[in-house]
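Trainee: Provided herewith is a single structure, encoded as structure tokens, for subsequent inquiry.
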Amino acid sequence: VLFSSVMGKLQSKISFHTAKYRAEGSEEKTGPTRSVQQCNPVHADAVTSVAALKPDLCVSGGKDKSVVVCNWRSGAVLRRFISHEHEVTKVICALDSNRVFSASRDTTVMMWELHRASGPSQHFPGHDLVVTGLAVSPDASQLCTGSRDNTIRKWDVETGECLCRAAVSRNLVTHLCWVPGEPYVIQTSEDKTIRMWDSRELQVAHTFPGKQHIQTSCDVSQDGRYVLSSSSGFAGEGCEATLWDLRQTRNRVREYKGHFQTTTSCVFLPRGPALTPSIATSSYDSKVKVWDQDTGACLATACLEGAGPLASLAVCDSSTLLCASFNSGIHLLQMSNCADLELEEVMAF
């Protein structure tokens, strides 16, 4: 299990030297230490997943069984949904809509409406074990879910009907993401494999070359050309993010090495302060890193002291990231480009 209670107690003050894991010729830059605005925590326990919802809003899920919608600029809670019987494992939102989806260790998936009075507006029952992957289609009409029961399921969002189901032996799903503008879904697994599913018939369209460690999460670039996956690991072995070519050879393009423990989340960043295409990663080592997508060089690092393992990343805009942590809630990080790119924490809530 990726998010165990043991890991939740892990201390984040790590003093290992990680220079040997950096891209050749790169120099890690840690963001400046400045005062961080501390708001009231929006969750009573570890935050397991966070997603950007609208320009000023985000949605998060946690071990306290709740799904929370809040303003990430102020940390103010707008809605709190508590209906799952166990911790929330994943949250996502449909693009340009008021719908939020949550998955739980209790095997359930629910849809919530931001302006609905109370309770979920749709249920998606059927998985036998904890649901660990959620992806909504670009038109928001279909939902794909993945579980530790080795299955992927496709659902009609309006009716809650399961449209089809597929099982692959030992395919313990860790994450799902939909390819923009395409009928394909990317999936990572504890079997160390990244798969591309054709959502129309729910069949595996491609399997990427196997990795050495569990693949924990994935993301697809907005142009649909590249896939990112992140890896478990320990003491710098594994712990990397990997860039894959989605349209041509479908081979590994580059690796991003520098985290010292399991890399839990990876996201493509929109063009902003960084002059080159960039990605961001978070890890159990309490660090968030920004990387040059083309060279693999680490451009900036934010060390969230005392945050414990970092579970999830979300992109708010071209210069703002959200990071979910086990020990200290959700962290708001900003990138700025003075002489060099800087990544700093500005608020926690």
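The chain as shown is numbered from 1 upward.
Cβ coordinates come from backbone N, Cα and C, glycine included.
Remember, TrEMBL labels are computer predictions, not curated facts.
Residues or ranges marked as repeat 'WD' by TrEMBL: 81-114, 124-165, 173-207, 256-301.
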Trainee: Looking at the stretches 81-114, 173-207, 256-301, which one shares the most CB pairs under 8 Å with the repeat 'WD' (124-165)?
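Mentor: The listed stretch sharing the most Cβ pairs with the repeat 'WD' (124-165) is 81-114.
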Trainee: Below 8 angstroms Cβ to Cβ, which residues of this chain, lying six or more residues outside the repeat 'WD' (173-207), approach it?
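Mentor: Residues 2, 90, 132-138, 142, 144-148, 150, 152-154, 164-166, 213-220, 222-224, 227, 229-230, 244, 246, 250 contact the repeat 'WD' (173-207) from elsewhere in the chain.
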Trainee: Is it possible to list how many residues within the repeat 'WD' (173-207) are helical, extended or coil according to DSSP?
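Mentor: Secondary-structure breakdown of the repeat 'WD' (173-207): 0 helix, 22 strand, 13 coil.
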Trainee: Based on DSSP, tally up the residues of the repeat 'WD' (256-301) by helix, strand and coil.
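Mentor: Result for the repeat 'WD' (256-301), in helix, strand, coil order: 0 helix, 25 strand, 21 coil.
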